[in-house]
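Student: My questions all concern the structure below.
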Protein chains: 2
Amino acid sequence: MTQADPKAGFIDQVSWNSDGLVPAIAQDFKTGRILMMAWMNRESLAITASEGYAVYWSRSRGKLWRKGESSGHLQQVREIRLDCDGDTILLLVEQQGGIACHTGRSSCFYRVLQGGEWSTTQPVIKSPETIYESPEL
Amino acid sequence: MTQADPKAGFIDQVSWNSDGLVPAIAQDFKTGRILMMAWMNRESLAITASEGYAVYWSRSRGKLWRKGESSGHLQQVREIRLDCDGDTILLLVEQQGGIACHTGRSSCFYRVLQGGEWSTTQPVIKSPETIYESPEL
């Protein structure tokens, strides 16, 4: 593990919101599929940049969220991008296990608006019980 | 213009934040490129769904933002997606003019982290002065 410096210049150039966070979009590096959207604080961006695996900030748990730490579905970061006004991060990642969503689907954006209703369009690849209760499998 | 109903069921199923907003990601339908991230409120989602062109909520201006109304760079919506926890929208769009960013670039995510610095990677296709001062061109 290399040393993450949350005071690095590139981190100061991000426009953190009043909670010290920015949205971070994860996109599959190979397929272009958008996998998920989560949040980052300074420390999570610093660690992500230094270690090369996506680390977010869990707002519900109030702590760093090393993506894949319980599921094994790590996101190896190939590119980190910043938007024009500096308040949104884009991660280009290789999604280990091909599953980004806690529901066991490849992407969290599996609902599409059709006829005024949200329809589920992606199959569950692996059940959440299998993912989270038997991480060694 | 068709009637937008901000009380429609699918809108109630979105987990709006305490400001009544959710992040909305725009992705190019053909190339998969992520174009921008903006915010939506109930009304902007209702109008987007009914009219078929992306309408966001401008937090800085405190009003609806019909994307492309001054630049001509409308986003024709091909799909509207919702993530697993219902708090992020994904729009699959056809970007008119091939320019999503107010800087005149195809995407807002034109800066990439390289060697600890944000490097600009995309050319300006059309200068902002040309886009915004002579919209009839």
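The backbone N, Cα and C atoms fix where each Cβ goes, and this holds for glycine too.
Pulled from TrEMBL, these are the listed features:
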- B:36-110: domain 'Phosphoribosyl-AMP cyclohydrolase' (DOMAIN)
- B:ASP83, B:ASP85, B:ASP87: Mg(2+) binding site (BINDING)
- B:CYS84, B:CYS101, B:CYS108: Zn(2+) binding site (BINDING)
Student: In the structure shown, which of the binding-site residues B:CYS84, B:CYS101, B:CYS108 has the fewest other Cβ atoms within 10 Å?
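Tutor: Each of the binding-site residues B:CYS84, B:CYS101, B:CYS108 was scored by Cβ atoms within 10 Å; lowest is B:CYS84.
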Student: Of all the binding-site residues given, B:ASP83, B:ASP85, B:ASP87, which residue's CB has the most CB neighbours within 10 A?
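Tutor: Compared across B:ASP83, B:ASP85, B:ASP87, the most Cβ atoms within 10 Å surround B:ASP83.
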Student: Between 0 and 100, where does the mean pLDDT of the domain 'Phosphoribosyl-AMP cyclohydrolase' (B:36-110) sit?
Tutor: 96
Student: Rounded to a whole number, how many Å is the Cα of B:CYS108 (Zn(2+) binding site) away from the Cα of B:ASP85 (Mg(2+) binding site)?
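Tutor: B:CYS108 (Zn(2+) binding site) and B:ASP85 (Mg(2+) binding site) have their Cα atoms 25 Å apart.
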Student: Looking only at C-alpha atoms, tell me how far B:ASP87 (Mg(2+) binding site) is from B:CYS101 (Zn(2+) binding site), rounded to the nearest Å.
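Tutor: Distance between the two Cα atoms comes out at 24 Å.
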Student: Using DSSP, would you call B:CYS101 (Zn(2+) binding site) helix, strand or coil?
Tutor: coil
Student: What's the CA to CA span in angstrom from B:ASP83 (Mg(2+) binding site) over to B:CYS101 (Zn(2+) binding site)?
Tutor: 24
Student: If one measures from the C-alpha of B:CYS101 (Zn(2+) binding site) to the C-alpha of B:ASP85 (Mg(2+) binding site), what distance in angstrom results, rounded to a whole number?
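Tutor: Distance (Cα to Cα, whole Å): 28 Å.
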Student: With H, G and I counted as helix, E and B as strand and the rest as coil, say where DSSP puts B:CYS84 (Zn(2+) binding site).
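Tutor: Assignment for B:CYS84 (Zn(2+) binding site) reads coil.
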